[in-house]
Amino acid sequence: MPVAVRVIPCLDVDAGRVVKGVNFTDLVDAGDPVALAAAYDAEGADELTFLDVTASSGDRETTYDVVRRTAEQVFIPLTVGGGVREVADIDRLLRAGADKVSINTAAIARPDFLREASHRYGAQCIVLSVDARRVPGGAEPTASGFEVTTHGGRRGTGIDAVEWAERGQELGVGEILLNSMDADGTKAGFDLPLIEMVRARVDVPLIASGGAGALEHFAPAVERGADAVLAASVFHFGQLRIGEVKDTLRGAGVVVR
Amino acid sequence: MARVVVLDYGSGNLRSAERALRRVGADVEVTGDFTAAVECDALVVPGVGAYAACMEGLRAVRGDRIIGRRLAGGRPVLGICVGMQVLFDRGIEHGVETDGCAEWPGTVDRLRAEVVPHMGWNTVRAPEKSVLFAGLDPDARFYFVHSYAARTWELNPEPPMIPPLVTWADHGGPFVAAAENGPLAATQFHPEKSGDAGAQLLENWLSASV
């Protein structure tokens with residue numbers, strides 16, 4: 001039996017609270033990331049991702065506290081991203097109890113940050129988060145047709161997203177978190193061509209993200225080469241349950257836990 | 001209550017191991033102190049990252065001596081992930097060979113699979129008499145995250161010596177997922193991150209240790 005495909009819920013955390021609507025039954029405080037993390041663990045989540053969207057760096061201490069409290073209660077892997085700019089940030093997150101740290105914008109500004117991070121902490125805990133979109137009409141096209149974006153997909157960089165993922169692997173990251181900014185929020189399914197193109201170029205694990213809206217959306221992402229599937233709002237709103245996603249994947253012949 | 005030390009030699013996330021052991025009823029101290037680590041009821045040697053860096057950190061707290069002295073006294077040691085790998089003779093990463101603690105013969109080298117690191121939940125094949133996996137469902141999955149492993153097991157003594165119990169997993173081929181050799185045990189996966197199955201394994205280890 002091969003390693004199981006992971007189903008990963010992602011929580012956006014702002015100053016210690018979950019943002020984006022959360023409609024989770026049986027939770028006393030649906031805005032508490034620690035309570036949500038425990039609920040997802042109980043539902044069979046294979047891993048958890050926190051995306052720290054805290055704007056002010058002064059409030060960042062609350063994120064470390066959330067990570068600490070989550071690690072006390074939840075015994076599955078925890079990845080934390082958002083605002084990771086220097087080695088000291090990684091160090092703090094790992095010490096708080098994160099198992100992996102995802103890096104996005106800081107690596108675009110300085111790719112060697114990935115090399116340094118991987119060298120120091122090991123490839124297994126450094127994730128490159130790539131926010132990709134199709135290059136809009138009028139802009140300079142890239143070889144793959146996809147470019148890396150910043151600012152939540154609003155700003156294009158002109159960097160080829162597929163080449164960037166490959167570069168990340170060369171620089172030592174142990175995993176790629178591939179977010180389709182075109183599919184994100186549409187609930188129309190994952191961006192399958194994007195997943196397929198990146199899979200063809202990297203052999204580290206690949207997490208597909210963006211676009212999940214129905215149970216039948218997950219298996220095609222795995223067929224195109226995703227090792228893990230990530231979603232946020234469909235889980236938070238209780239629209240899809242982790243268990244249902246796994247049952248559907250299992251029905252499609254995918255190995256899940 | 002079992003007094004457990006999680007050996008702190010500057011390697012990664014120790015909090016998870018500490019919490020998971022506490023969850024199964026251990027009195028846990030995270031320290032690099034030589035005497036505390038030698039004298040506790042049970043010692044956990046964690047480890048993440050590069051083999052060479054882990055060995056350097058381990059030697060800096062005389063971790064190899066700590067392990068050796070405990071084993072000479074029949075006192076339990078559990079290596080986790082790279083904390084297991086350093087128990088072998090040597091590790092080879094990026095063509096660089098590093099001496100390990102040499103408690104077990106053999107070499108740790110790169111997995112040969114389509115996707116590396118091996119990251120996620122996988123099943124294992126435990127031998128019948130295993131203490132670590134006692135009572136666990138044969139389909140139970142454990143959380144792995146590693147690019148290197150012992151792909152062979154070389155310690156197979158003749159009777160009356162007791163052969164170690166070796167548990168295997170597959171990722172592009174078989175590798176050692178766990179080994180039980182008298183007071184020395186180790187897992188390539190992370191029991192502290194493997195939910196209820198991992199907690200059961202830690203509990204099994206603790207009960208057999210004290």
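A Cβ is built for glycine as well, from the same backbone N, Cα and C atoms used for every other residue.
As the structure is a computational prediction, the values presented were derived from the model and not from experiment.
Annotated in TrEMBL:
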- B:5-205: domain 'Glutamine amidotransferase' (DOMAIN)
- B:Cys81: active site, nucleophile (ACT_SITE)
- B:His190: active site (ACT_SITE)
- B:Glu192: active site (ACT_SITE)
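Around the Cβ of B:His190 (active site), 25 further Cβ atoms fall within 10 Å across all displayed protein chains. Taken together, the residues in the domain 'Glutamine amidotransferase' (B:5-205) have a mean pLDDT of 96 on the 0 to 100 scale. Mapped onto three states, the DSSP output places B:Cys81 (active site, nucleophile) in coil.
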